[in-house]
Structures are given as C-alpha cells and as structure tokens.
C-alpha cells in the first residue's frame, strides 16, 4: 500500500490525500459505495476508484487533487491524538539514526504515529519497527491504523510502560527513539534494546530540563553512550510574492533633487519611477513555529 | 567629549575611531606630538588635530577615515577585559530598561565597559550610572577610561561585591542591570537599589541554568518583581553581492527541450541564457554569533 | 517626586487586561470601554502607576421592554498579582498526560446560557468561578496542578483585573506590535531598539525622521532626546501622516507654560518641493495666536537645521522606497549615522549597493534580527512555540565624504 | 552478523581525531597520514567499528647528517572515551572568573622547542603531558575544575587517539560539511535529511538525481534505496562530475558476485542532447568485459526509466540554475515529489513562480532551516556560540497534471 510502495491508480481500500489547497488537505479511506462531504461538495468514492493519482477530481463546487499518500502528507493531515512531530524534526531523526531499509527500530511512544509512518517507509521491507505506547486507547488506534495502511508486516504496537518494563525486545535494535515525559529514566531500557555491536539513539523533548537530565544520564560512566549532541530545528516556509513599494513624492522635477537621487551614472533608474517600485520577494507568514522540541542524539557503543 | 556630545573637528585629548575597513577599526587617543603605527603606515597625531571627523586621512600606504566616537563604534573596537555585550543585546537592554536622559542606573559588573558607555550616552546629562565591579584591576581601568572619555560626571565605578554588599545606593535607581555569575543571588540587592515607586531590571546570562534560578527568584512571592520575560537575540549581518549562477548545458537548440524550458509564454527569458544567470543576493557569512546570552527582564513594582 | 508616579486625569495611560494593552486618555467622568469592560477612570486618580484594579462586571439585564441596559462597572484597588493569573504557559508539555482522556467539555454542567443569566442577575466574577468549580465533575479528579491551572483560566476570564501603567516607548511599541503591526510597518521592538542605538540618539541632537509608523518612531526619538535637541519630521505629500501615537507619550505641549521642552514635531513638507520651501502642519492640535507663533518658530528652527546641514542622525522607517528618500537626506553632518528600516529586503539591497558605490557612507550593515522569547518555568523551560517571523530589515551606516 | 561490524582491509572507513573526520580506504601495509599522525592500518583489521586506538607519536630525529627521519606510529587498542577529552565546551562562561589574572602563558616554563626535543627523543604523549603539568607554576593554584580542563586540553593535543567508524550517509555528510562545504554546495546535514524525506526516498523507487555535491547526494539516495530501485544520475556536459564521495559508502560493486544489489550509478549525459541519446560514463572504476556489459545494461535500464517516465522522485542539488533543469525533468510520475536545493534564494524564487503558474505542480514550499546546536553541560547549557548561517534553500513540490 501507499506508504511503502507506489501505485498509479486509486483502488478501494486505499488511503488517499484530498488536496483542496495548500492549507487544506485531508486523508480519505476509499470505500465502495461511500460518499464524503467536503466544502467543495460531495465526493463519491466509486468515482475516485480507478482515478489516476495526481489528477484533478471535479466536485460540484470546485475541484480537488487526489494524491498518493506519503508519510509527509500523512503528517500534516493525520488525526492528532497527541502533540506530533513535524517534517523537519522527522527528517533529522531518520537521518541521524542512520535508518535505511533493513534497520530495526524501537520507538516510545507511538503517539499519533506521525514519526512511525516515516520510520516504516524508510526501513521497509526488510526492517522492523517495535513501537511502545503507554496509553491503551492510543496503542489500539495506532495498531488499527497501521493495519489499514497495509503496514502490519513492518510494525508491532505494544501497550506498555517502557520505563518500568523496558522495550519488548533485547539487543536487536539499530536505533531507539524516545518521545516520553521522562526520557532520562529510559536510557538503560534503550541500551538494552540496542544491538551489542552499537547503534544510535534519539530523544525528543519539548523542555530543556528533560534534555539536561537525559544528557547527564547518557554521559554517565558505563552508560555505553557517546557523541551526545543536542539540536533544535526551526524551519521557515515562505511565499514568493510580488510587492509594490510606493515611491515618496520627492519633487523629482526639481533638478537639484533629481541629481541627488539619480546620480551621475543613472545606475538605478528603477528608483526614479513615479509611483511604485515592484519586486518579487519572499514573504514569511506572520507567525511560524519557533520551537517544536529539542533533539538529543547519541551513539551506543559499549566497550 | 564625543560619547555624550558632538564636535566637528578632532582636538588633542579626543578619542577617535580609525576606520581602515569594515572589519578593521581601532580607537586612538589623540595626543600632541605622538605617532601611531598602522598597517597603512604611520599616523602623526598632530596632523589629525583639527582634521574634520568623517573625512579621509592619507597614510603612506593607504587612507583611513577618522570617525567620531560612538558607544556602538567603541563596542566593536574596545580593549576586551572580559566577554562583552554586543549591539543587539545592548540596544534591547537600553530599550527594555526604559532608559532616557535623567535615568539613574545601577550596573554590575562593569566588565569592559561596553554597555556602560551606551548607558551613559542615553541617560546623560541629567542621569547617573553607578557601576559595580568585583575585580579591582578592572574597576580601576574602567574608572580611568571614563575619565579619559570625559564621562566622569555621569558615572561612578565601585570596586565591590554586589552579592555580599549590595549596590552602593538605595532606592534611587530607575533601572538595574546584572551581568554576574550568580544573578539569582543579587535580586534583593537589585530591589534595594531600585526606586520604591518602581523600575526595571535586566539580567544577562550566557547559560540557561542561571536564567532558570533568576526567574525563580524574581517570581518569588514578595520579591516585588513582575512581568518576567526572557529573550535571546540573533542578529545577522549580510553582504549584498552579485552572484553568477551557471546554466547547465541542456541543448536548448533542441526544440522539444526548448519548449519545456521556455514554455509557451516565454515568461522567464532569463533562464534561457546560455552561460550564467546573474542576480543580486544577500550573502551571509559562513559563521555568525548564534548565541550571545539570555536577557531576563522584569518590572519592579512593590505593593 | 512620588507625585510624579501618580495617575492623573487628562493624561494618557496604558491599560492592561489579560496581557492586552490599550492607550487611553483619562477624562473625568468619561466611560472607558476596554476588553468588554466599561468603567469610569475617576477612582484611579491619585493611585500609583502599576496599581491593579478590579472592575466589577457589567450586569446585563434583558427584559421584554428593555432589551439590554448597559451599566458601568466599578473600579476597586486590589493587590492581585497579574503574573499569578498568567496561563499562557503551555503546562501540558512535559507533563505526564498518558492516562488522560479528553472529556471534550462534557464534565462541565454549567452552560454558556447559565453564565449569561448569572451575569444578568449581577453575579460577581468570584461567584461565577465558584459555581463553575462546583459543577465540574472532573475538577476533583484533577491533580492540584491542573486544578490550579483550571482556576487561573477561569479567574482570568471572569475576574476583571486591569493594570494602569505609565506610557513609554517600550509599552507603546509593544501595544502596536501586538495589536496593529501594520501601522508600524510590521517593525518589532528589538528593531526599534536598534534604530535608537544605531542612530546614536541622545540628549540634544538633531534628528531627521521620515516615518509612517503612526508616530511611534517619532515619539521614541523624542523620548530619548529628553527635552533638548530638534526632530525634523519629514513627510510625504501635503497632508501630515497619521501620528496618533505621539499623543500617547504625554509630551509637554510646546507652548504650555510648564514646558521647558525645546522640541516640537516640526513637519516640513518641503520634500515634495525639492527642499526649497517650508510649508508645515502640526499634528499636535493647536489653537490661539501664541500657539501659531510657536509653531512657526519651531518650523523655522527645523528648517534651519535642514538648510544648514546640522542633522546628527537620519532615521527612515516608512512604507516608501527608502533609496530616494535617504539619498535626499544624506546631507547630514560628517561621521554621523543614518538608519533605514524596510519591511522587505530588496529595497534595502538596492540602497546598500547605491551607497557602497557613492563614496558617501561607510560601515554599511544590512541586518535582520531573530528574537526568541523563552518560557522559563520549572520543568517547562523552552523557547516560545510560536515566533513572529519577518520583522523586517535594517540598513545602518555612517556619513563620510570622499573628497 | 557480528562479523559485519569488523574493520576490514580494502574498505573505506571514517577516521576521527579530535572531532576531525576523514574517509580513507584501508590497504594492507599502506601508510595513512591523518592529522599529523602516520600509521599503517593493519592492526585495526578484525577490530569492531567504533574502536578507539592510540597511535604513538612519530619520533622526529634531526641530526647533522639526517635532517628528519619520518617513522610511522604504532596503533594500539584502547578503551579511552573520546567524549571525556572533549574540551570544546566553553567552560569559562558562567564561572566565577572575577579574581583571575591572565598570566598570558607565562606560568609555563616548558617551551615549544623543549617539546619538539622531547618528541625527537621519542617521549610518549603521556610523558609530555606529565612534564607540562610539573612545569606549570599556576597548575596547583587552579581549581580542580580548571586543572581538569587543562589536562584535557593537553591530552587532546599530545595523546593521539583515533576512532575508526563505519561510513554512512550521516558521517560522510558531516565530513564534507565541516571540511569541504563548497564541494557539497554549502548544503548542511539537516537539509540533506529533508531532501531524503521530501523526495520520499524508499526501497525500490526510481530517482532522478542531478547533483554537483561530489556524490554525497547520490550516495545518500543509494543508501536509502537499500539495494533495489534505480538511480538515474544526470550530469552536465560530456564528462561525469566529481563523484568521489560515492566510493566512501562501500556499496557492493554491481558486478561482484556477492552483490544482490540491482543499482548502479547510471550516468546519462543525454541532457545536453535534448533527451534523445544515451551516452554514459560510470564513476565506479570498472574493467573487464563483464563489467562493460553490466554497465551497458544499467545504462539501458536508467534510460528506460527516463524514457518511460517512471521516475518516482527528482532531486536536484547543484550549482547550476535549477529552473531549466527541473522543467526538463518534470516528466516524473504523477503525484510524486521533486526536491530542489539551491545555495541562493533567487533562482528558487524564480522556479517557484514558474511552477506556480505552470499547473504541473502543487504543494510548493520554499523553505530554509535554522539549526541550533546546544551545549548541554551542568551549569553551562546554552546554544552554541557560533552558528553556521546560510545553509541554502529547498523548494519542494508534487507533480500533478492540470488536464
């Protein structure tokens, strides 16, 4: 299914992403006979089936694009069960954990499954994700979701307290990811899950206090962890817009003023325009995410 | 003298800033009969005297500009006795402390006097700075410097431990600035120095641990402090440069390729240029100051 | 001296409720409407700046023959600590919320209608909060931490504390930044602070200002001059721009007898006439012969500063393309700074290049500043989650001559 | 499986000394020169990746008849923890340095010449450090904290620990970022990571790559394909670009018998011929008939992917203007992503506009990422003082069709 492989046309049972605009997308499970209501009108699923991914689909009050699912689109459209991780952090996590097809990963907690989908995409089909979620309801929902997304072969969800009981597997993981309230209490659990030949660890924390304790424990003599690094990523997305900057009325008919502004070389005639200077510029949104969380990375390499 | 007033021509006894290039400036005390060696050759002080500020001065191997001193130029040219504060932080401190002519300020420690000069500029001639420095040698040097800069009327330097002994004055300050290793231990000293009718406090700390303790103490019931805010400023300076982006050889002679790239509307002929696309862009230096320190601000308003 | 710190009628003050600021002129017996509160300011007179007042809620009675009678609230001095009501902290982060189940507000049996009814019956904020707590099925199951947070949130909503502060450059800047950023060209406080230092604004200097920031820049410069010096305000076209914020600063009126202030806002519209004519208008409402004379005197003085090239600094913070404006005003004294703000980078890049090759400026710097605000609370310390981006750009430099 | 983790001859490894990285191919009995050390790698063979070795210093004897004899150091396994030698932490910050007087190095009586002499006499690093401590007049006056720091600093300089690590995308990226950023278009690690996710690189997909990053991008994409799929590498002009970094990844050679890897680096120079001809070259040094056949097979496969429009992703990370390149390659499959990196914003702004009006792409995002690294140490936690700025820009989007 979509997250680990590609197809060209929509089939019943697929999850697709309906694109109505840059900030208006939602996931849709395609089911024979069903109809979904959108602000652009009804979408009859039967009409989507066999529809080509990436093409327009016309509703009564507008048109949408039917998109192939990817972990990145899923991240921005998924139903939030918790705070989720966003794409800049996810990318850095996958990269710094050295994940690739075949990697075995332990994750806690599963949360809304935003990162889990991205991990599975990267480690499938030969790798495996063991993901632990303390909260029973969330664990069940995540498990169901993975099944619906055709990912059950690559992941097991465990409802478990990782701090008390550790990870369900020992010495098999290439990488461990922690996103729990007390990551510092799970350092030995992480070490146990990791391969004796070594691996990588990442802990995500919104607050610096957790980071401080986590680093202290990672650096403790005999922990087996090395190369502790802490990052924070701020990703800014801008819009390219044409802006018109008005010109002040400086009386350029006056020769004295004109000579000051234009100069001898006449280098920048643009600023002698009467009404407005026009340029293309990058406009940042008024507010952006200034902080998502801190990423702590370390290498496990017991002596 | 220069820091609190303006003059047009250099006089003996002045401190001037010699500008040899954007990253190459130094301060010079003008003294009759003296000669200073620079990379552009010797500067005879007698020739600078009566020289107009802001004009060229020709040395044997190049020319320099003789600039009027300002606290901002002083900050980038002063002899470092300690870590110093830079202009983005200094600006925010002056602004958030509500300083203006007439304000009375208590500072600890004086350090290299970078901030002190900026404070005096802003509060003179009717305000006063009480600045406390633990380190004797530094206190003496700062005191001497203020005298040489004609600022003695607006500032007193005290060699004193502000944590043990508090500020030398009580209930007179409109603002208190702390840049010491344990600002959290100086909160009541700050409160004592501030006017009973209220005032502002700023504490500068390079590390978050100091900030955490300082905020805790500021927020303690009965401290008299309110509106605690913590900022960090990252100022980036860029260079405007013309860059040439080379064009790949795509075989635009081929009609098929050409139609793809140019399109029907021929909107962007610039990209069909053979060899390079030229544009003006902002180039950031490879490395910039990513962190100078944290600024904690609070209002003192005892009930 | 302490009397300086007293709230007076006929001055502008900054009102604060739930971190929202508003500048308002206190007039005897005149109702103030602020953040859903209605009250007369008279009781505040004589209190110190910084005092927190409780304003009783307005009972809103509705009956068949009188849809809604709007009464005024009463002010009452209190020593409530506003910080302790602050619930902006995102306490949830970092807490163990593993076993929480979201009840989606089902635990509260008091509905919006009930609250309106209570208000109509004249219930106090305290009574409403108490009722909400008693009727929340989940309140007792919460941790004391969560109970506290819940109480704070409700108190903030139903108890009506306001603080009255003395206006200054910082608060006026903050007010515009948060409520009407477009009216100050989306400039932020840290940029304002850098403008004042880069332009080396100090007691007694002559500053040329071009701004379209509602007077916030002009007022801030005036504040830092401290009663001596001269600000030449240059504006575009015939009519003076909106300089409403100037009135918030409570500057002594130039012609009032109390004033030892040598400054006025001299608006010289000569720009449109090639710098050879003065023709002014003044935003401070003036009347009477003496005022007119004063105005003329000030305009002539400003004009003299311009004509004799006595400017110590030039500050341009406006919506217009800054290049021609700065080039026109570059006749300031040698070795003096100029500062230009623009919301967009491109116009400043152009000006940067133009000045680099002109030989009339050095130490050119094109900068932007990223401000990170931090929440520092036990176990919850981190940079603010939302950050305002795009605070514009500054170009600073020093006037020199090549000859 | 554990044998996988052993260091072998004829593979490339990453050497690390004092946080400096270098990729080097281990060849039996062949001297490696790295960060002033000279040694043969043979003793490392069979050890686990991650092992730390001590390399004895090279005695440098100089005498009238033999100016300098360069001998090789010896490798020796050790369990030294490299982190404990890390002195990058700016410990001074936040410490009480109020009564410190800078002695400007006057407290050390051992001079540079003495150390060179000791080295010449074959003294070990330990001996040198011990001697330095004994001859420092201020060492005993230092706090134990400062003593520790001093020791660390000297140990780092005179004791020669190296670590041997297994190469991967992360380390190779880091190596170039720190040592030769210009060779990867000044791209940083966080950008590389976003390229891989935005392009949705996964097992078995077909990726079109245009890069001038020494093969770092190509190698990273190949690594994430995990042995299945196809990378079509398109390059400018006749000769293939420098792809040296590819060799660091230790990919199985396509024609070796061990290889179950279906991928090769197919270099198709058809771009310069309007996409109608294949003409390739392969950076992996090949020889022999079988290899040539293999190469041809791979090139044909790559060509097939292009011609049949089977690309699942397009990645452009190069020094060239990206607009015409991406427009040429926009024939990828529908609802598939493309990612374009550029060091400068302006070319991407142009591409952004061009794509917005083309109707062949949606979800366009032009982004940059600010990375803050933190020092987290007791009483010394803060963002790194120096920050690399200007890590370039990314434009990402999804291919769609309007018809």
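A Cβ is built for glycine as well, from the same backbone N, Cα and C atoms used for every other residue.
Any TrEMBL annotation is an automated prediction that lacks curation.
Residues or ranges marked as S-adenosyl-L-methionine binding site in TrEMBL: B:112, B:113, B:114, B:115, B:133, B:179. In sequence order, B:71, B:74, B:75, B:78, B:84, B:85, B:86, B:90 constitute the residues six or more apart from residue B:114 (S-adenosyl-L-methionine binding site) in its chain with CB-CB distances below 8 Å.
In this structure, B:179 is the one among the binding-site residues B:133, B:179 with the smallest number of other Cβ atoms inside 10 Å of its Cβ. Long-range Cβ proximity for residue B:112 (S-adenosyl-L-methionine binding site), meaning a same-chain Cβ under 8 A and a gap of 6 or more residues, is found for B:78, B:79, B:80, B:81, B:82, B:84, B:138, B:142. Fewest other C-beta atoms within 10 Å: among the binding-site residues B:113, B:115, that description fits B:115.
Across the residues annotated as binding S-adenosyl-L-methionine (B:112, B:113, B:114, B:115, B:133, B:179), the two Cα atoms farthest apart lie 13 Å from each other.
DSSP assigns residue B:112 (S-adenosyl-L-methionine binding site) to coil in the three-state reduction, outside any helix or strand.
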